[in-house]
Each structure stands twice: as C-alpha cells, then as structure tokens.
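What TrEMBL says about this one:
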- 7-17: compositional bias 'Low complexity' (COMPBIAS)
- 1-25: region 'Disordered' (REGION)
- 98-120: transmembrane segment (TRANSMEM)
- 140-165: transmembrane segment (TRANSMEM)
- 171-190: transmembrane segment (TRANSMEM)
- 202-220: transmembrane segment (TRANSMEM)
- 246-265: transmembrane segment (TRANSMEM)
- 286-309: transmembrane segment (TRANSMEM)
- 342-363: transmembrane segment (TRANSMEM)
- 383-401: transmembrane segment (TRANSMEM)
- 413-433: transmembrane segment (TRANSMEM)
- 440-466: transmembrane segment (TRANSMEM)
- 478-499: transmembrane segment (TRANSMEM)
Amino acid sequence: MPPPSPSSASDPLLPSSHNNEIHDETAYESDEKVHIVGVFSNSDSDIENENEKHSLPFSWKKLWLFTGPGFLMSIAFLDPGNLEGDLQSGAIAGYSLLWLLMWATAMGLLVQLLSARLGVATGRHLAELCRDEYPSWARYVLWVMAELALIGADIQEVIGSAIAIKILSNGYLPLWSGVVITALDCFIFLFLENYGVRKLEAVFAVLIATMALSFAWMFGETKPDGVELLLGLLVPRLSSKTIKQAVGVVGCIIMPHNVFLHSALVQSREIDRSKKSRVQEALKYYSIESTIALVVSFIINLFVTTVFAKAFYGTKVADNIGLVNAGQYLQEKYGGGLLPILYIWAIGLLAAGQSSTITGTYAGQFMMGGFLNLRLKKWLRALITRSCAIIPTVIVALIFDTREDSLDVLNEWLNVLQSIQIPFALIPLLFLVSKKQLMGVFVIGPVLKTVASLVTALVMVINGYLLLDFFSSEATGVLFTSIISTFTAAYVGFIIYLVGRGLNVSNCDADCRPSK
C-alpha cells in the first residue's frame, strides 16, 4: 500500500482542510462565514423563481446580517494618523477645510464600494486577483509595496496607542512599553477569532462607540461654533496657507491596505453567487452599511477637527500641535470638569490605535495569503505580520521616546511612505472592476468608470504634490538627490506599466469575447 499523501492535516503550521485536500488560500473557510443562505423568506424564493430581474425586498434582518465588514473597513478612516491630520487641520486651518473632509470621505466611500464590489462579484479578494492578473515580478513588487504601506500605517497606529497608554499611566509607562503592550493585541485578535466573525465585529463596534463617545464628550466640553461649522461644510475655502493641510486631509483618507482589506472582509458572508439577485442583494446591503459606517467615521473626524479649531486656531501654538502633545495642550486650556479632557482624549486615542492595529493585522494576513498563496495557520501569519511592524516600532519608540519634534518628522516620512503606495492599490482595483471577463454582469459601467478614474487620478495627483513638496524640501546633497531621482524614475515606470496593462485588458474586453 502506498504511503498516504502529505496533507495540511499532518502539518501543524498549515490550516486544516476538509477531505485532506490542498486548496488555494482563501479569505475565510466555509465554516467561518456568516451564513446568509437559508435565512430568507418564501416570498424571496418566489420572486427569484418568477423572474431574476426582480430585486428582492428590503429586510432589516438581512441588513443586520450583512453589517460588520463596512465598520471594520471604516476604522482605517479613524486611525491615529487620521486623527493627527484632523487636529492639525483644525488648529492651523480652523473650520475652513471641513468641506474637503466631507468630500474626501465621499471619495473614500467610492473606492471602498468598488473594493467590496470586486470581492462580492468574484468571490476573491484584491490580493488573490492580483496574483493571477500580473506576472510574478509585478506581483512581488505589488506585495512589497502593500506591505510597506501597512508597516508605515502600523507604526503610526502602534505609536498612537503607546502615547495614549503613556498618558493614562501618568507617564509611568514609557513609549516603548506601550508599544509592547499594543503588540499583544495580535493575540487578543486571535483569541476573538476563535469565537467567530460576529464576536470580533462586536468588539470593533465597542471600540468605535468608545471613540465616538470620547470625542463627542470633547466636542461638548469645548463647544465649537455651530455657524462656523456649517459654513465650513457648505462653503469651499482654500488658501495658500492651508494647502498642506488640505493635501493631508485627502491623503489620509485613502489607505492602500484598506482597499485590499475590504475586498476580503465582504467574503465573510456566505451568499449564493450562482444567482444574480443574491449578489445584487449583497452589494446593496454592503453599500448601505459601508455608507453608514463612513458617515459615523466622518462625524468622529468632524468632532476632532472642530475641537482643535475652536481651541487653537489663530493661537501661537497652532503650528506646534501634534499627536504627542495634543492632550497636554487641551488639558492646559480646558482642565478640570467631571473628567479631565486629557484622559478623555487618551481613551479615544487608545480605542483608535487598538482597533486600527488589529485591522492592520487582519489586512496583513489577507495580503500575504493572497499575493503569495501561503496556506499557514492564522496565528503564524498574524505573528509574522505583527513582527514586521512591531520590531521597527519598538526601535522607533526607544529612539524618539523623549523627542517629540522628531516623532512629528517621523510621522511625515510615514505619511510619504503610505502616499507612495496608493497607486499600487487603486490602479489594479480600477482595472479589475472594469474587466468584463472577470466581473461579468457586475462590471462597472462607463459613467462609474469615468468617475472612479477621475477620483483615482485626483488622489494620485494630490499625493504626488505631497511627495514633490516633501522631497523638494528634504532632498539636499548630490547623493540623496540621485537616489530620489532613480527611485522616482522606477516608480513612474511601474505606474505606467500598470496603467498600460490595464488599458490592454480593457481593449481585449472590448474586442474579444470572454472565454468559456
């Protein structure tokens, strides 16, 4: 009798597989998904059987079952990097950029809805599809770029949590110890995963509610001007003095790893993709819950921006406020009360940092599994993903623990690192959702494609301006200038390659029939 073939069941580092078969890496195993099939009424089945063109009736129960992925996605709009952009925007530009925050959130919503559409219609997430769409060298470049963006975001998120822990411990715990404590959230995440997707989503709901209550409390304490708030939302204003903050507002909204994440999160629901009406229904409910989630995130960002606009706009300290000293400045101006505003700020910041680092771990797992098709146990993938971010973050914390100005400079470099990666998430996403052979009847139409292309181009131009402004001030010396020039040439060349490949795919869709 021949020896049994190796299987994942015999390897402790590989996930278990039914019938001892090795399959490609997937975002969720079937037993991990929330089962939507089987909870519908008889009337739904009657409508489906009668005519596929009929849309299924709205159901609050179904909306509740689909609720979750959008709120996890929205946490990237509330991470410590975004909060720092909010407070600096408020302190330096006042209420004048609230309209831009609103429209930037709307652009972010469009990108995330395209990501969800890709995941629902294909049953696969963006990293998996990039693995099949691009040659090996391009796939590895995309993976490295996505991981670099994630590491940059993770450093900001972990440092934000560590700052909050330092405040709440009255300075007893240094920054590096806060980083180590935050690193343990990886294991909390793994523990929660064992209890199912819905339990994990409930924890994130609590963290988002904590942020909302904390920053709403600060909003009530500081009492921003309601008329100025409305004018800031409705009347576009932009000056040469606030252009940097405006670019920061838009640049912080689109997070490369979040685009990959959302396309995977939507697969946590089990739907019947053989029926067009079920896919349309899933897209409808995901669109509703994602919109609600980003409205909530916009309100929280609005709270932070207006609090700092009220407190520090036009003051001498406005240009010096950052994530490290923001709580202390608030305490000096609004100290006292039932609860010191310093600790309210720290609680909100801690919730933002903890929730975003856990979703970062989630995104890292999906990206590594998708691009590389690695079938590893989730705890091992999470450990690898966590280590990639925690090791450099501990080093950063040890170096910059007592140097607040240096932390602000580091944050600028991290924003640049993430801005560089944005085209490598948006361009593949745009061309994949435009590919009829892949999307079938759910391919985006010409109007939506035009709007999405304009948003993608706008975000890339804005971030290009940020990069140009940053490097023009930092690039000193022949050696550094030569390195930046070489990097820029390779960078632009790869973007041209991605665009050209996408256009070729679009032309093929127009001229060729899909293969059967």
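Glycine too: its Cβ is placed from the backbone N, Cα and C atoms.
Predicted automatically and left uncurated, TrEMBL annotations should be read as such.
Nonlocal intrachain contacts for the transmembrane segment (246-265), taken as residues 6+ away from its ends with a CB within less than 8 angstroms of a stretch CB, comprise 27, 68-70, 72-73, 76-77, 79, 81-82, 85, 88-89, 93, 97, 100-101, 104-105, 107-108, 111-112, 115-116, 118-119, 125-127, 145-146, 149-150, 153, 238, 290, 359-360, 362-364, 366-367, 370, 415, 418-419, 421-422, 424-426, 429, 459, 462-463, 465-466, 469.
Long-range Cβ contacts of the transmembrane segment (202-220) within its own chain (Cβ-Cβ under 8 Å, at least 6 residues beyond either end) map to 71-72, 74-75, 78, 192, 296, 299-300, 303-304, 306-307, 330, 339, 341, 344-345, 347-348, 351-352, 354-355, 358-359. For the transmembrane segment (342-363), the residues of the chain that approach it from at least six positions outside its boundaries are 72, 75-76, 78-80, 83, 150, 153-154, 157-165, 167-168, 182, 185-186, 188-189, 204, 207-208, 210-211, 214-215, 217-218, 221, 257-258, 260-261, 264-265, 323, 326-328, 330-331, 335, 382, 385-386, 389, judged by C-beta separation under 8 angstroms. Long-range contacts of the transmembrane segment (413-433) within its own chain (CB-CB distance under 8 A, at least 6 residues past either end) are made by residues 81, 111, 114-115, 117-118, 126, 129-130, 133-134, 141-142, 145-146, 148-149, 152-153, 155-156, 248, 251-252, 254-257, 259-260, 263, 439, 443-444, 449, 452-453, 456, 459-460, 463, 466-467, 470, 491, 494-495, 498-499, 501-502, 505-506. As a quick check, the transmembrane segment (140-165) and the transmembrane segment (98-120) miss the bar of 3 or more Cβ pairs under 8 A, pairs 6 or more apart, so the two do not touch. Within the same chain, residues 138, 141, 420, 423-424, 427-428, 431, 471 sit at least 6 positions outside the transmembrane segment (478-499) and bring their C-beta atoms closer than 8 Å to a C-beta of that stretch. Outside the transmembrane segment (98-120), and at least 6 residues removed from its termini, the chain residues within Cβ reach (under 8 Å) are 69-70, 73, 77, 86, 89, 126, 129, 229, 232-238, 246, 249-250, 253-254, 258-260, 262-267, 271, 279, 282-283, 286-287, 290-291, 294, 297-298, 301-302, 305-306, 426, 429-430, 432-433, 439, 442, 444, 451-452, 455-456, 458-459.
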